[in-house]
């Protein structure tokens with residue numbers, strides 16, 4: 001499929017891994033999920049190519065690379081430049097080095113000629129692997145070269161840096177490349193060699209700035225440069241996220257997020273309304289008044305707080321039940337673990353989940369639900385084998401539990417095992433024919449399979465399947481949202497816009513849908529004002545929607561407003577629900593920072609919207 005407009009880059013960022021939450025309990029696009037993994041259908045939205053890396057600094061070039069290289073957005077679509085040849089025979093790029101006329105010119109030419117001869121001799125030693133002798137020749141060339149011959153002199157420094165590189169003398173490499181860049185500020189070869197030296201010296205920030213400059217100068221077409229940028233961004237992101245996440249204050253998500261999370265489970269005992277026996281007779285007659293539980297139970301009080309959407313008190317009340325080893329201890333462990341996950345504290349959640357799973361006498365649905373949530377947590381932590389084991393164990397102990405197949409189907413999508421995902425969705429639908437969510441997600445899985453296989457007849461069949469789902473389940477917001485994503489991919493923008501409107505009518509407080517509708521305006525009509533208005537509306541509805549802040553930041557990068565972009569990314573970082581999400585967001589933020597510094601130093605900026 002041809003890319004539509006340059007603004008596609010903004011869509012790419014919004015659909016790249018790291019946007020939102022993940023497998024194990026989200027209502028797909030319409031709702032988030034636990035553990036911080038990308039919403040499965042967002043992470044794999046086939047309408048936009050996935051990023052090579054997390055850096056926003058090269059988003060703008062996605063559409064052009066797809067058009068020119070016929071790429072699907074991966075590294076294979078980049079220009080595969082050969083290794084930069086070293087040493088050099090002349091300066092690159094040439095900025096004009098004509099010699100002045102007259103007797104003075106004769107002396108100057110002699111001096112420059114001797115320098116060039118020394119450099120040529122050094123090149124021969126270099127090619128022979130005699131790097132110490134090459135360094136001596138390049139040093140001689142530097143001493144002989146007239147100081148006003150900036151381009152030639154920069155070449156001699158760069159060549160000496162190449163020899164130092166062969167000897168792994170990274171400090172000397174960086175120093176000589178710095179001299180070369182001072183003499184010739186847009187010297188790509190010197191900038192890239194210094195970036196590699198900074199990488200070896202563990203100077204990540206300096207490495208990122210140099211490779212950012214190189215990527216911009218090369219038009220984001222060289223795979224070596226892009227891969228180094230990707231590598232250092234990920235390292236910086238992980239490093240910063242690890243420290244930040246360790247010391248972060250727990251943050252309860254918005255009520256809409258929590259309700260969407262729980263709505264993705266149908267066999268989850270802890271999310272069901274309180275039973276008759278759990279309320280006093282008097283309370284049953286009180287409408288609109290706070291309930292009082294019949295028993296003095298921390299778990300039942302926690303359930304009461306859930307119904308009141310007073311989520312901040314739930315962990316405390318569950319702890320009381322657990323400490324007292326009360327009647328509902330297993331339920332309290334599972335509910336407390338769930339809210340630990342919701343606030344992004346996986347370390348605290350895991351022991352509780354482990355205990356529930358090991359309680360052989362506990363209700364099997366409690367144990368299966370704990371396995372689903374632990375499996376989702378493992379996937380978020382990039383441990384797919386452990387995740388798969390937990391989902392398979394859940395299916396073994398509770399084979400009639402539709403939630404197991406629903407959430408395992410989402411896991412299979414993330415693992416790119418589409419056929420197995422469809423089989424799991426089918427089993428979920430067999431067990432619960434009224435599961436609109438599973439039917440919508442099955443359609444999207446089939447659509448993705450058809451798209452990646454470039455099978456037009458199967459694509460049409462999948463699109464027809466979406467029509468059947470929304471006709472059969474007209475109140476399923478998820479169906480409209482996923483159909484809208486497929487329609488956007490097929491560039492049926494008007495119909496996609498209608499689907500988002502239907503989704504908003506059903507769930508007017510769903511911030512994520514407003515973000516998607518805003519992105520659609522950018523891709524469809526290039527209406528920046530309307531797009532930003534809708535994303536701002538998402539933030540107004542849910543000021544804890546990290547997806548909205550991330551998307552806004554990405555758009556501001558596209559517009560060249562780096563200060564605003566960094567502010568948006570920082571807000572998203574503070575709301576991130578997992579260390580992995582946080583690392584992704586730090587990568588985006590660091591990329592924007594690097595662009596700011598490169599613009600100051602070299603006056604280099606990518607094109608903007």
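Think of each number as a place in line: the chain as shown, counted from 1.
Glycine too: its Cβ is placed from the backbone N, Cα and C atoms.
Automated prediction, rather than curation, is the source of TrEMBL annotations.
Residues annotated as region 'Disordered' in TrEMBL: 66-106. Among the features that TrEMBL reports, repeat 'TPR' is placed at 115-148, 368-401, 402-435, 477-510, 546-579.
On the 0 to 100 pLDDT scale, the repeat 'TPR' (368-401) averages 96 in the predicted structure.
The DSSP breakdown of the repeat 'TPR' (546-579), given as helix, strand and coil counts, is 29 helix, 0 strand, 5 coil. Sorting each residue of the repeat 'TPR' (477-510) by its DSSP state yields 27 helix, 0 strand, 7 coil.
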